[in-house]
């Protein structure tokens with residue numbers, strides 16, 4: 001007797017059909033032994049895919065028309081059943097109904113969708129499909145959507161379950177002959193904006209991440225590309241992590257929030273971008289009355305030809321303060337109040353060090369860090385959208401960056417170094433502070449999902465030849481370093497005091513070239529280390545090597561490339577503007593003005 005595989009191949013060769021999911025129960029079935037090979041109407045038994053008890057007897061008879069088979073369950077009644085091979089390799093499928101109604105006549109044929117079994121509306125893109133699968137295939141190809149299957153890539157696709165797995169549905173469309181090159185490019189509006197913001201990268205590629213609150217690792221990233229848009233020429237060839245346009249539409253697989261809805265439920269999700277844009281616009285407005293050379297300097301701001309530090313000299317303190325109105329949303333007002341009071345309470349403990357190195361630093365007794373420096377509460381954009389986009393990720397990252405700078409400003413010893421030294425330290429070590437913040441806010445930011453999405457998008461770009469292997473390797477190494485570092489920190493169960501002292505040790509690093517008062521900075525670092533050691537000795541007396549384990553994690557921070565961090569987390573908000581160009585504006589604000597804005601503009 002022939003095997004199941006041989007019978008399946010015979011049926012396919014005779015164009016008699018193929019076995020697929022049964023529509024009523026959604027249960028997958030496979031062809032088994034033909035009971036009688038001599039009868040004109042061939043008889044089959046359909047069983048479950050695991051070979052369990054036979055479920056139904058099917059009588060199949062060949063009609064005079066080649067390639068058509070009429071099926072009657074249990075030799076009576078009217079029913080519809082269609083077939084496919086288990087590996088979805090079939091090139092043809094014909095579904096027919098044996099209808100005995102006297103009004104319609106015998107053997108009336110109904111064309112059903114080869115993908116899901118719904119009533120077909122015609123041949124679309126090379127295959128007989130329904131309107132639903134036609135639209136799904138068109139959207140997927142036009143927008144170059146990439147789906148992922150949460151199962152074993154063999155999900156049931158029928159009329160009732162076709163929306164559960166977009167990956168398997170798209171693969172099924174392609175397997176049954178729907179041609180990708182038959183989908184025409186989407187028509188563009190006649191009127192196209194001739195100018196694009198110089199502060200944002202020119203790209204409309206987006207990442208949409210399906211949120212799963214139960215598991216941060218089960219994300220379904222969707223990668224959207226507009227090939228007709230001018231692309232950024234930054235580190236990522238195709239600007240794949242950039243999202244410029246917040247507007248969108250609702251589809252079966254992804255909810256793209258419209259701009260007005262996003263504003264109403266999330267507030268201003270462009271904190272960092274608003275700061276950069278506001279500063280640039282302020283400079284352009286004030287410079288209208290100045291000569292053309294100064295105007296050229298301002299116009300080159302967004303191209304990173306001129307440092308934002310130079311641009312700062314043209315602004316008054318009031319103008320800069322107003323430009324940072326949106327920055328206040330990034331921070332917790334309660335925490336800012338505590339930090340402000342702590343700074344005020346410690347006035348007089350240190351004397352500010354000016355550029356004149358002849359002034360000696362004097363210090364009163366007291367710790368480098370107080371209890372107010374332990375709290376590090378990141379306020380995420382609220383509420384979280386059902387599907388996170390890269391703009392939301394960038395806004396979350398910018399809030400973490402601002403919170404880290406605000407934390408540094410709240411340390412009296414840091415302020416005592418003077419403005420130039422403070423700016424130099426933060427510009428040198430913002431990436432290390434940001435990475436420590438990622439580890440500390442691992443769960444709040446859902447960092448695991450963000451990193452997994454970056455990896456999936458890099459893999460997709462390589463498959464589509466959008467990125468060289470060397471470039472992909474560079475980015476993947478950085479992402480894996482981030483993941484390894486954050487995972488190691490999470491496993492150590494580091495508390496708030498330990499994170500605060502680790503950040504202080506990183507912040508007061510005297511080995512950056514160009515720093516003044518290096519001996520004083522080194523003294524602050526030594527004090528942070530001594531206090532850190534005392535805290536661990538008192539808090540974890542039984543963990544002899546805890547201090548060593550924590551300090552040994554710091555060298556890994558130096559391996560993180562700040563340029564790649566900017567590409568991944570911030571380019572979608574500020575384009576090619578460098579983070580170290582924005583830092584001076586934040587640190588040059590007066591603490592009182594900074595904190596008052598936080599209190600007055602909290603979310």
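The first residue you see is number 1, and the count goes up from there.
Glycine is no exception: its Cβ is also placed from the backbone N, Cα and C atoms.
As annotated by Swiss-Prot, DNA-binding region applies to 110-185, with the evidence given as sequence analysis. Looking just at the DNA-binding region (110-185), the mean pLDDT is 87.
Among the features that Swiss-Prot reports, SUMO2 cross-link is placed at 250 (among others).
Annotation source Swiss-Prot lists SUMO cross-link at 250, citing similarity to another entry.
As annotated by Swiss-Prot, SUMO2 cross-link applies to 588 (among others), with the evidence given as similarity to another entry.
The domain 'NR LBD' feature in Swiss-Prot is assigned to 348-590.
Per Swiss-Prot, phosphoserine is recorded for 197 (among others).
As annotated by Swiss-Prot, phosphoserine applies to 215 (among others), with the evidence given as similarity to another entry.
Taken from Swiss-Prot, the feature phosphothreonine covers 220 (among others), and the record attributes it to similarity to another entry.
Swiss-Prot lists 222 (among others) with the feature phosphothreonine.
If you look up Swiss-Prot, you'll see 581 (among others) marked as phosphoserine, on the strength of similarity to another entry. Annotation note: residue 581 (phosphoserine) sits in a helical segment as assigned by DSSP.
What Swiss-Prot records for 1-178 is region 'Required for interaction with KAT2B'.
Residues annotated as region 'Required for interaction with NRIP1' in Swiss-Prot: 584-603.
According to Swiss-Prot, the zinc finger annotation covers 113-133 (among others).
Taken from Swiss-Prot, the feature zinc finger applies to 149-168 (among others), supported by sequence analysis.
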Task: Secondary structure content of the zinc finger (113-133), with strand meaning DSSP E or B - done: 3 helix, 7 strand, 11 coil
- [ ] Around the Cβ of residue 581 (phosphoserine), how many other Cβ atoms lie within 10 Å? Please give the count over every shown protein chain.
- [x] 20
